Amino acid sequence: MNHPDRLLSFLLFCCSLLPFTAATAQDTLAVDFTSPVNGRDLRLVTGVYHDEDEAFNMQDLASLPFENDTSVFHPRKRPLYHVNNIWLKLTIKNTGAADTSLWFFTGYHDEMEWFTPDGDGGYHSLVRTGLMTDNGNVERWGHYAFPVKAAAGETKTYYLHIVNHRYRENRLMPVLYDALHYAEHRHQYADHFKKEALVIQILIGMLLVLLCITLINYTQLPDRSSLYFAAYVLGLIIFFALRLESKPFQLSFFHYWPMLKYYWDIPAILFCFYLMPLLFGNIFLSLRERFPLMERCYRYGAVLCAVLIVLFLGIFALGEYQVPAMIYSWFHMFSIIPLGISLFALARRTRHHPLIRFFLLGSLSVFLLSLWSFIVHREPVGLNSIQELTAPNYIILLGILAQAMFYAAGLSYRNKLVHQERTKTQEMLIRQLNRNKELQRKLNEQLEELVKEQTTEILRKNQELEEQRKLQLDVEYSKKLAEIELKAIRAQINPHFIFNCLNSIQLFVMQRDYEHAQKYLSDFSYLIRKTLDFSRRNFISLADEITYLNTYLGLEKMRFEQKMSYEIVIDPVIAAAELEVPAMLLQPYVENAVKHGMTNTDHSCGLLMIRFNELESDMLECVIEDNGIGIERSKALRSMPSHHQSSGMEISLNRAELLNKMYNTGIQIEIIDKSSKQASNSGTIIRILIPQL
Amino acid sequence: MIRAIIIDDERNSRDIISLMLGKYCPEIEAVGTAANCREGIEQIRRHKPQLVFLDLEMPDGTGFDVLAGAYDASFEAIFVTAFEKRFLHTIRLSEVELILKPIDKESLLQAVGTVMKRIGQQQQHERYEVLLSNFGKPESDVRQLVLPSSEGPEAVISIDDIYYLEGYTEKTVFYLPDGKVMASRRPFRYYTELFANMRFYQTTNHQMVQVPHIQRIDQEQNKLHLKGDIVLDVTDRRKRELVNIWKQG
């Protein structure tokens, strides 16, 4: 209940009784300026011209048909559907004895100008003020009472031009005060609005705290719904801060820009109670996933709101302040049902989603409380939905606060959910990570094992290979050795010789010469046996070697009968049984010598001489000498028809080398053609030096 | 009577041959002997024998030297040796008779029989020319081969001409240029040994090709493409070795 208003009404009522009795003339007010004047009602003495077409200006004042029309005045706020452009005329006579001034007050209006005739047909503007134009600080509220000055007995005329653009007009009552009572009235006004201002400031403070919390939260957990909520809160803060601008004698923040409160009035309502909640709800409830249809509706609604906001701002810029209000009224009327449906639909799904409850409660609180406020509001503002916000009504403020709180709580809850989700995800991640680590460890182990296995495998294979190679080398070596040995055996006993021996034995048998056959056969057997025996040994005694050579030469002699003879001479100092010679070293040379000796046609008989000498204490010399054609001629003869080489001798040479290598024996073999020393001589000398160990 | 000459550097050998001839081959009369090549050639020229027993290894030369010195396509030769691997290849290419010492009755009779048949049929044959032309050359360089056919006269072919040979149960078939085909009564095995160190490669168990005649080796299908549009199989195992040999060639 507006206390000062009631008081004021009462006073006005009391005062208004006076003019009817005291006024002498309707047009001129006679007042004793010195007597106290406390809110004297001037409705009946104020000339009114209602300029509906805004066609007049100051110059036409004299011709204006001012009349006494009390219908333009009203003690409370009232809705306005057109621009209210009125001219007031006050003619006043000072009946008192002193020159003093009184104050003429009509209320707070958008544009006001106070002027008086300057005496030469023109007019003199005294004060210009108005909610839309005055950008002074708190002192601007003093401009709304206009001074009425008149000398004693003087009659003065004043004009007041009032223009109201908005959809709502503040109280319009012409009242007169003396200075003292005007001050009292001012204090009453200031006190009256202090309460409202305080509530708004508290609300702004709370909203600022909410804004800060939300922004801090946003930095912690970037989420679009937080941003929308922050925008909603910021819009509310500015809206209410601008509301303070229209509270007389109260602290204001934006008085430098008096037009701001008009621009951010209906757009703010659209912004804060439609656009942002729709966007906020969309993201906050994740409608896109849950209710795609509702998401689409909200989105289109938001787009419509945004378009309307831009449209309204444009219309304001054109100077029209009532059209947006009317459009908004209709918009509001038509939005109630779809909003109600959407809230109902959401309410049915509360169970599915805990966040819906917060959104629903927030939306419903402002929705229902504004409805309640509409019902209980007693200001005669007509059936215009705007009224619910025109005067800051505590019910409405409560609704707004509740909405903000519910939204904030919802956001926190959502953050909690997100946090929980995140924690769960993190836990899962950690679990996964641990599992991965475990897996990695296992894999590593497996890999290591595999590497180890393979390494050992490789090593093993390497070793195997090495062994195999060694084995192969061994095998090859022994094979080679065996081959050489075999070759040596073959070389030692010429197969030709063997078969010729057998041939000879056959002949003796056929000739029935059994004695010879017997002799030949036993010698041959001895030779073969010794050959097999010696071939297994590397060294034999010289005595054995001599016996062997004797047997061999005996057999050869038997083959060739008288065509050859031989002699073996041993130095008597030689202990034949003790000296060691390489087995079968000499035999190939002896065989060769026999062959060469037989080929010389100059001699009828081949002569072979074998001598063993001790050159030094540890050096055995063996000389095999024949009287054949000599090695040079033999070679020449042989090389012609075929490419025969004395394989026996060659192998013997190889064998000497091999022995030298193996036993470090240092055997030297020298082959001398006798003809190279003395031309008349022929034959070959083989000189073999065998060092004794 | 067939007149024969024995040329051997060992008296024992000469004695034993004449002894055995007297005992087992009464139709052959040894009209002379010689202990070396020089004497042998003289004896041949003097006696004009129909058959000559020739020792391969003698102090002043080989049996082939004697043949080269005295051959006028009027006598057959039987070579005698105690142990001689060196000349085996040459002898086998020419399909001449060889007896090994100590001489046994069967091989002597077999050799004499073969030669007697030739003398009886008066077959003039260039086997000795082939022998002499191949003589003294390394194994991989010989050029001519005598094919003892199971029926009809023996033929001399150029070894270079052989594309490939194929073994059958009783014979070996030689594939020559222009689609010519010739058969030998020798088993396939005989030729695989004979050609072992030559430019031949045994591709399957019964086929042997002359490597220079290979034009292309289809490694995927294991096929050989020879000159004259001949396509042969090769076993997978032998293919790789053959490719190497072929590429080196």
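Using N, Cα and C of the backbone, Cβ positions are placed for all residues, glycine too.
Note that the structure is a prediction, hence the values are computed from the model and not measured.
Taken from TrEMBL, the feature coiled coil covers A:429-471.
Sequence annotations record features per position, and here TrEMBL assigns domain '7TM-DISM receptor extracellular' to A:48-164 (among others).
If you look up TrEMBL, you'll see A:198-414 (among others) marked as domain '7TM-DISM receptor extracellular'.
Residues or ranges marked as domain 'Signal transduction histidine kinase internal region' by TrEMBL: A:485-563.
The signal peptide annotation in TrEMBL covers A:1-25.
Under 8 Å from some Cβ of the transmembrane segment (A:198-218) lie the Cβ atoms of residues 226-227, 229-230, 233-234, 236-237, 240-241, 243-244, 247, 251, 392, 394, 397, 400-401, 404-405, 408, 411-412, 415, all in the same chain and six or more residues away from its ends. Here TrEMBL flags A:198-218 (among others) as transmembrane segment.
Annotation comment: TrEMBL describes A:225-242 (among others) as transmembrane segment. Long-range contacts of the transmembrane segment (A:225-242) within its own chain (CB-CB distance under 8 A, at least 6 residues past either end) are made by residues 200, 203-204, 207-208, 210-211, 214-215, 217-218, 253-254, 260-261, 264-265, 268-269, 271-272, 276-277, 279-280, 283-284, 392, 400, 404, 407-408, 411, 414.
Annotation source TrEMBL lists transmembrane segment at A:262-285 (among others).
For A:297-319 (among others), the entry in TrEMBL reads transmembrane segment. If you look at the transmembrane segment (A:297-319), the same-chain residues 6 or more away from its ends with a CB under 8 A from one of its CBs are 165, 262-263, 266-267, 270-271, 274-275, 278-279, 281-282, 287, 327-328, 331, 335, 338, 342.
The transmembrane segment annotation in TrEMBL covers A:325-346 (among others).
Annotation comment: TrEMBL describes A:358-375 (among others) as transmembrane segment. With a cut-off of 8 Å between Cβ atoms, the residues of this chain six or more beyond the transmembrane segment (A:358-375) that come close are 273, 277, 280-281, 284-285, 339-340, 343, 346-347, 350, 385, 387-389, 393, 395-396, 398-400, 402-407, 409-410, 413.
According to TrEMBL, the transmembrane segment annotation covers A:395-413 (among others).
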Residues in the domain 'Signal transduction histidine kinase internal region' (A:485-563) grouped by DSSP into helix, strand and remaining coil: 68 helix, 3 strand, 8 coil
Three-state composition of the domain '7TM-DISM receptor extracellular' (A:48-164), taking helix and strand from DSSP: 16 helix, 54 strand, 47 coil
Model confidence over the coiled coil (A:429-471), averaged pLDDT: 88
